[in-house]
Amino acid sequence: MIYGTGVDIVDISRFQRFVSENNTSLLQRVFTPRELEYCSGKKHSAQHFALRFAAKEAFLKALGTGLRGGVSWQHMEIVNDRLGKPEMLLTGKAGELFAEAGLQKIFLSLSHDGNMAVAMLVLEK
């Protein structure tokens, strides 16, 4: 049974600015060390940061909580499986809320075109 859906679209140039200005404090607040390493190692790092940010926003929309009650950007992490498929890992309060709601699965799709990055996420009970 579907519990919630979330969609978010992000302008990649916003993250290009953060990367160009070397705004590490913002990037470190939003992304986990593993995400920072992954994105920073890519030729188009801003695109990868934007996709991960959109996924986190989509998750918060699907869950219906936003960033409150102790949920942190660091509690949501986007990783890729061995075939490149994106997956969301949850820790901390985000993981607790996911479990408390009786949720079982996260379906995540990421895409980009031109200067836009989009994430679509479905939470299943």
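Note that Cβ sites are derived from N, Cα and C of the backbone, with glycine treated the same way.
What Swiss-Prot records for this protein:
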- D8, E57: Mg(2+) binding site (BINDING)
Packing count at D8 (Mg(2+) binding site) (other Cβ atoms within 10 Å of its Cβ): 21
Where E57 (Mg(2+) binding site) sits in the secondary structure, as DSSP reduces it to three classes: helix
Neighbourhood of E57 (Mg(2+) binding site), C-beta criterion under 8 angstroms, separation at least six: G6, D8, V10, A119
D8 (Mg(2+) binding site) - helix vs strand vs coil (DSSP): strand
